[in-house]
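Look at TrEMBL and you will find 28-53, 73-95, 107-128, 148-166, 178-200, 206-232, 253-275, 287-309, 334-357, 377-395, 407-429, 435-461 tagged as transmembrane segment.
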Amino acid sequence: VSISSPLFAADCGHSDEPKLHTIDEVKLLLKLVGPVMITTLLEFLPGFVAVVLAGNLDSPYAQHYIDAATFSIMLINLTSYSVGLGLASALDTLCSQAYGAKRQEKIGLYFQTGVLVLGTILVPVFVINLFTEDLLVWLGQDEEVAHLAGYFSWYMLPGIPFLYAYELARKALQAQNIMTPLVIIAAIGNSVNIAAGYGLAYHTSIGFNGIAIGCSLGNIVLPLLLVPYFMWRPHHLKQWWCYPWDFKAAKDYIGVFLRFGVPGMVMLVMEMWAFEVVTILSGLLPHHVVSVAAHSVLVNVNLLIYTTFDGLSVAASIRVGNCLGAGMAKTARLTCILVLTMTVFLSLMFTAVLYGFSGQIPHLFLEKGDGADLASMVMAIWSPLTIVDGLNAVTQGVLRGAGKQKAAAITNGVACYIFGVPLGAFLAFQNGLGVLGLWLGVGFGCAVNFGTMIVLILCFWSWEKLASDAKTLTDL
């Protein structure tokens, strides 16, 4: 079965490319999507687990603990995880294209460059989070909550360098289509997090801060578990780690790394900040307790669904990068068409589930009441916008694989802060739509971002030029 689309057909083929088979390409994508989706879900769990453990502590300060853990994790996400993981997204382009070009030795150099860059940004990351308490007090939060959050962040910090190292290794392995061990390692890391957090918080005098220590231990074991794995499967290391540590050679690629990493970081930071702004706005609405409760349900449901779209996004990034690195422009184009088609079908399923069970899903998070009723109403109306949310996420993966992070960062910023958030605020406060207005703004921002990116692909991309650019990049 072959595929051809005039919409994507601009200058897109090498005569020596193998004949395209849609079914084979779908199988390759599905092989990538499943493990990545599970890994993404497992990476989402530590913050969720921390809040659950904090909320169930037998203490009169349980609500303070929930608030402190929530604020600490929010700041860690915004100032540490988003920065490091965003910069590491440079490897989505560099490593996947190098693997496609059969230049695996470049993957090792790119990894070492990532170590240099992320190692450097650890300094401001640590400084900012060491002053979590002062920052929260400055933002007007309760002093006791800020004090608890400050200590919680301190105990979270030791795990960040290990998480950065693992993230770099994970992307290097994913670019080579090595997926299953990463799922197992993420599962073990979560188990350590839960066991250590529960044991230290509930069965020692450490108490609340034991949850943060558990998070750090869960992050610390992630890169350490790669050691026995590489001892068991040494060829999975030797095929890309061809030379010893050589930071002198690696620093020559810092400029290239930052060219892709900085826009990737900006893109991730802007998305996370946009959601935090929407969360803050929900707390300013009339009947803010009900509004925040409903918004929290919608955020958690949306994040769970997003793990699936993120799996497709990463698969698209890997496969598009591999194909462009190998000079297979037609196959890269086919991958783009297929992942977007798969996203439409998948998002239609999610739309049906959200709409059909909008009355039941909120009760998994909230008792019966105004908060659950409001969440049910918004979920039913929002459900069709899951389609553009998914297409937005997956198209960003295509752009990462093609090395177009800068364009994605610009469209993201415009969509979020010129269209999405302002429209949401207008609908929520001026039109009296409340939480529904905020989420309609989010959906409109996703639609604008996807629409802009797809116009760029349709009207301005030459797949042959992208393949040529990938060859130039890997030959540097």
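Glycine is treated like the rest: Cβ placed from N, Cα and C.
TrEMBL entries are annotated by machine, without manual review.
Across 73-95, 178-200, 287-309, stretch 73-95 shows the highest tally of CB pairs under 8 A with the transmembrane segment (253-275). Between the transmembrane segment (287-309) and the transmembrane segment (107-128), fewer than three CB pairs separated by 6 or more residues in sequence fall under 8 Å, so the two stretches do not touch. Long-range contacts of the transmembrane segment (28-53) within its own chain (CB-CB distance under 8 A, at least 6 residues past either end) are made by residues 66, 69-70, 73, 77, 170, 174, 177, 179-180, 182-183, 186-187, 189-190, 193-194, 197-198, 201-202, 211-212, 214-215, 218-219, 300, 303-304, 307-308, 310-312, 314-316, 318-319, 335, 338-339, 342. Panel annotation: around the transmembrane segment (407-429), residues 263-264, 266-267, 270-271, 274, 277-278, 281, 285, 396, 399-400, 435-442, 444-446, 448-449, 452-453, 456 of the same chain, lying at least six beyond its termini, place a Cβ under 8 Å from a Cβ of the stretch. If one looks beyond the transmembrane segment (148-166) by at least 6 residues along the same chain, the residues whose Cβ comes under 8 Å of a Cβ in the stretch are 64-65, 67-69, 71-73, 75-76, 80-81, 84, 88, 115, 118-119, 122, 125-126, 129-134, 136, 141, 185, 208-209, 211-213, 215-224, 226.
Counting only same-chain residues 6+ beyond the ends of the transmembrane segment (377-395), those with a CB under 8 A from a CB of the stretch are 294, 297-298, 301-302, 305-306, 308-310, 312-313, 316, 339-340, 343-344, 346-348, 350-352, 354-355, 358, 361-362, 435-436, 439-440, 442-443, 446-447, 449-450, 453-454, 457.
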